[in-house]
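Trainee: Grabbed the feature section from Swiss-Prot, which reads as follows:
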BINDING   G386, P387, S388, G389, S390, G391, K392, T393  ATP binding site
DOMAIN    37-320  domain 'ABC transmembrane type-1'
DOMAIN    352-586  domain 'ABC transporter'
TRANSMEM  33-53  transmembrane segment
TRANSMEM  75-95  transmembrane segment
TRANSMEM  137-157  transmembrane segment
TRANSMEM  164-184  transmembrane segment
TRANSMEM  262-282  transmembrane segment
TRANSMEM  292-312  transmembrane segment
Amino acid sequence: METQNTLRKPMDGTGTSPMTVLKRLWPYIRPLIGIVVLAVVTMGVVAATEAGIPALLKPLLDHGFGSHGSDSAKWYVPIAVIGLALVRGVSQYTSNYLLNYVSNRILLQLRLEMFQRMIHTGASFFQRETASTVINAIVFEVNQILSVLTGVMVTLVRDSLTVIFLLGYLFYLNWRLTLIVAVILPGIGWLVSKINRRLRRLNREHQTLTNELSYIVEETVGGYKVVKVHNGEAYEMDRFTTMSKRLRGYAMRMTISGGLAQPLTQFLASIALAVVITIAVVQSSNDQTTVGGFVAFVTSMLLVISPLKHLIDVNQPLQRGMTAAELIFGLIDEPAEPQGGGRPLSQARGEIEFRAVSFDYGAAERPTLDRISFKVAPGEMIALAGPSGSGKTTLVNLLPRFFDPTDGTILVDGVPVSDYDLHALRSQMAMVSQDVVLFNDTIAANVAYGQTPDRARVQAALEAANLADAVAAMPDGLDTLVGGNGMRLSGGQRQRLAIARAIYKDAPILILDEATSALDSESERHVQAALERLMEGRTTLVIAHRLSTIERADRILVLEAGKIVEEGSHDELLRHGGLYAHLHRIQYQQQAA
């Protein structure tokens, strides 16, 4: 299955360019501009030392050799070489350290902003984006920006200055020969521009396929039990192989495009070198150049080739960096969920009302919810029943504002939920989902998630959830690590730990999506008792799967195709003989079987 990466998009109307990326990075660079300037100065010193080497060769060859050689040239040139090497080494170390300091500071800021925006986006973001895409953006792709800030900047600044210094020295030595070398540069620039556009497109497609490959691995790891039980190893291997081969194809196309630049550039440079040697030989016969001048010129010209090659090779990491920037700033620019009207809500009574609420996901042919209206009194328990796809989960997701209704109003204590501060509203709600989510932390931290653990309250919550004895038997008690998503706990323990978390929060409104996973009778009994304690005295909306839960509800709302088609108590709905009675009969027969 292919996923669409909606985070990665051009950063302006004309597409992503280095200048666009620089503009986005400027607010992060500006506070550190003094350090950046110092790094550029030290890189300039490094570049200047490149031109210093051939500059020392000329007097050495012209005046330091032979019986008539200058004694001063014999000694000051070697000493100057050592001095140049020392200055170059210190400057290179300083520039590398300063740039890495700047880039790591910016990397930290970007990573923190990305994670902060990710946790404050709406639920639609998590439905739209795969986990592998978000993980790649925050953990891996942001390092491409680090590569741009260090390696690419070093290349662009230091090697550009090196080329400028060397070309300046070449003009000083022999401007006629230098013009021949300069003729080659436009040809190199044309090659770079042609290769540049293709590399950018290939990089974008390559990184999209990398996310696809990560998604396949993520699905296979997460669903390993299904893979093994259904003998899906061959199918998953085929999926992975197909995507890996596509990824390899794009990698080879990138290698071909990126690899052409260097040999073509070197070929053009060799033509220039051959012409220079020919003309220099003619000039030397007319005493227009010296041996030292010729060697210094050829040395300078050869020294120009390496930084030019680096400047050309910078395209690939630069394009990867710009492609990564699209993903990074796509996440940073993702709109945050609305924070509400700012009205405080310190302690809700628990009164809930839906007034003609409708909702659709945009692509659906019919609304997921169609003009739903009902009212829940404080402390009342409402069970939601209905066939799969009837809108039960969507309905409960609207209450904590994971989504906002497309029409109608939801009220808590007589006030529209949009008027409340979002955090204040959610602080009045606890949720126990069908898919239990636990964090790779201690028992205590999972129970008190989002708050500072009070060990006495944690212990009380565990006792109410019938989990205290099991935790006490663990080697580290409350400090026991549960593993990734509670993998070190049994299914019943995971469910009861999620219930303990809701008990610890002690919110007046409870949203419960009962788990349908089969448990042994002992675990089922413990979970059911914990749920009953959890629901005591709380306004509860429960998507009920157990007959016992449905039967003890104050009212049952039966949904079908996004509408409430029946409402009443368990006995009333059975007597009515409608959809609920039909669903009840099917479930009763399944349980009896």
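Cβ coordinates come from backbone N, Cα and C, glycine included.
Locate each feature and note its surroundings.
Mentor: According to DSSP, G386 (ATP binding site) is assigned to coil rather than to any helix or strand.
Residues 80-81, 84-85, 87-88, 91-92, 94-95, 98-99, 101-102, 154, 157-162, 164-166, 168-169, 299-300, 303, 307 of the same chain lie 6 or more positions beyond the ends of the transmembrane segment (33-53) yet place their CB under 8 Å from a CB of it.
Here the transmembrane segment (137-157) has long-range neighbours at 7, 21, 25, 40, 43-44, 95-96, 99-100, 102-104, 106-107, 110-111, 114-115, 118, 207, 310-311, 313-314, 317-318, 320-325, 327-328, 330-331, meaning same-chain residues at least 6 beyond its ends whose C-beta is under 8 angstroms from one of its own.
Long-range contacts of the transmembrane segment (164-184) within the same chain, counting only residues at least 6 positions beyond its ends with a Cβ under 8 Å from a Cβ of the stretch, are 47-48, 50-51, 54-55, 58, 268-269, 271-272, 275-276, 279-280, 283, 289, 293, 296-297, 300-301, 303-304, 307.
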Trainee: Identify which of the binding-site residues S388, S390 has its Cβ surrounded by the largest number of other Cβ atoms within 10 Å, counting every protein chain shown.
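Mentor: Most Cβ neighbours within 10 Å: S390.
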Trainee: Find the average pLDDT over the domain 'ABC transporter' (352-586) in the predicted model and report it.
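Mentor: Average per-residue pLDDT within the domain 'ABC transporter' (352-586): 88.
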Trainee: Can you give me the residues near the recorded ATP site, meaning same chain, not G386, P387, S388, G389, S390, G391, K392, T393 themselves, Cβ no more than 8 Å from the center of the site's Cβ atoms?
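Mentor: Checked against the 8 Å cutoff, the neighbours are L559, E560.
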Trainee: Please list residues from the chain of K392 (ATP binding site) whose Cβ is under 8 angstroms from its Cβ, counting only those at least six apart in sequence.
Mentor: L384, A385, G386, I543, L559
